[in-house]
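A short worksheet on the structure shown next.
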Amino acid sequence: MTDDRIIGAGATREDDAADASIRPKRLADYLGQVPVREQMEIYIQAAKGRGDALDHVLIFGPPGLGKTTLSHVIANELGVALRVTSGPVIEKAGDLAALLTNLQPHDVLFIDEIHRLSPVVEEVLYPAMEDFQIDIMIGEGPAARSIKIDLPPFTLIGATTRAGLLTAPLRDRFGIVQRLEFYSVEELTRIVRRSAAILAIDCTADGAGEIARRARGTPRIANRLLRRVRDYAQVKAGGHIDEAVAQAAMKMLKVDPEGFDELDRRLLKTMVDYFDGGPVGIESLAAALSEERGTLEDVVEPYLIQQGFLVRTARGRMATHKAYRHMGLKPKNPPQDLFAEVPDVG
């Protein structure tokens, strides 16, 4: 289920083009994710000092936090080439073999959405990661034979938003595992100011902070909002972005200070107005909103739950007191015992 809202974390074609121009090249320019940055700096320096390829790296976390950017930074720090592909693109074992045999010593192969590799392709990847060798079948039928091809030492970087879907044998072959966390408002403010400087956008610190507060902890959303606020400022404010201009632009975009858009607010309002705050089943909620169940489960709910506006219980979804306060309402009922027995209504 894709999320094409302005506050959606999924990448659009415009995001990909814009990211290329503002993507940091070095760890020193990679803002946020301090523990990850410090660890990778040590691992990279150690590998370069030994003259070895860096251990294979698994990067996981929600979309839009910089997994692809970090892979580019790692390759730049190592001073090697980066080959980019994704799990769904590698359909056959031969596709992977072609990628691996074209690598130079110590090159980095980046596989996005690595959890979507087929089992057949994974089987080829195991000896490549462990022994830098692949087995290829030549011919068909009785004449078929297996040949072993040696590979140069390389680093595989796998990225995924769903680490739980990785098979255990694949996960265990990564020597370095990094989880990317959501960014603080302060970190996002620095990212917005850096992007504004690169794109020659006149943006004050307060204006950047106003954008960062609505970015849902995600740099991709922050940069997308910056581009839309730039458009507004260009037409309405002579190209200058300050706090007031950013607020006016966000009002036009219907993105509130919590980073909620119209669909987020409509879900909470429907739960409160029509279902007394819950608990309510997902099918009933989807019908009331005229939205698909998958859209609510995969696109809308995760951020509301993460921010404490919504909880999932065995009996259904419930709006929290924080949700009532956000809508300017007084909670109608005291918090319910989420573990209470459901009465038997026969």
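Note that Cβ sites are derived from N, Cα and C of the backbone, with glycine treated the same way.
Feature annotation from Swiss-Prot assigns region 'Large ATPase domain (RuvB-L)' to 2-183. Marked as ATP binding site by Swiss-Prot: ILE22, ARG23, GLY64, LYS67, THR68, THR69, GLU130, ASP131, PHE132, ARG173, TYR183, ARG220. According to Swiss-Prot, the Mg(2+) binding site annotation covers THR68, on the basis of sequence analysis. What Swiss-Prot records for 184-254 is region 'Small ATPAse domain (RuvB-S)'. Swiss-Prot lists 257-346 with the feature region 'Head domain (RuvB-H)'. Feature annotation from Swiss-Prot assigns DNA binding site to ARG293, ARG312, ARG317.
Mapped onto this structure are the features recorded in Swiss-Prot.
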residue : record           : DSSP class
ILE22   : ATP binding site : helix
GLY64   : ATP binding site : coil
GLU130  : ATP binding site : helix
TYR183  : ATP binding site : coil
ARG293  : DNA binding site : helix
ARG312  : DNA binding site : strand
ARG317  : DNA binding site : strand
Entry from the binding-site residues list PHE132, TYR183 having the most other CB atoms no farther than 10 A: TYR183
Rounded to the nearest Å - Cα separation of PHE132 (ATP binding site) and ARG312 (DNA binding site): 46
Average model confidence [pLDDT] within the region 'Head domain (RuvB-H)' (257-346): 79
DSSP-derived helix, strand and coil totals, residue by residue, for the region 'Head domain (RuvB-H)' (257-346): 42 helix, 9 strand, 39 coil
When distances run from the Cα of ARG293 (DNA binding site) to each of the binding-site residues GLY64, GLU130, TYR183, the nearest one: GLY64
GLY64 (ATP binding site) to ARG312 (DNA binding site) - Cα separation in whole Å: 24
Nonlocal residues around ILE22 (ATP binding site), in sequence order (Cβ under 8 Å, 6 or more apart): ARG194, SER195, ILE198, LEU199, ASN223
Neighbour-count leader, CB within 10 A, binding-site residues: ARG293, ARG312, ARG317: ARG317
GLU130 (ATP binding site): tally of other CB atoms within 10 A of its CB: 10
Site of maximum Cβ density within 10 Å, from binding-site residues GLY64, THR68: GLY64
From binding-site residues THR68, GLU130, TYR183, the one whose Cα lies nearest ARG312 (DNA binding site): TYR183
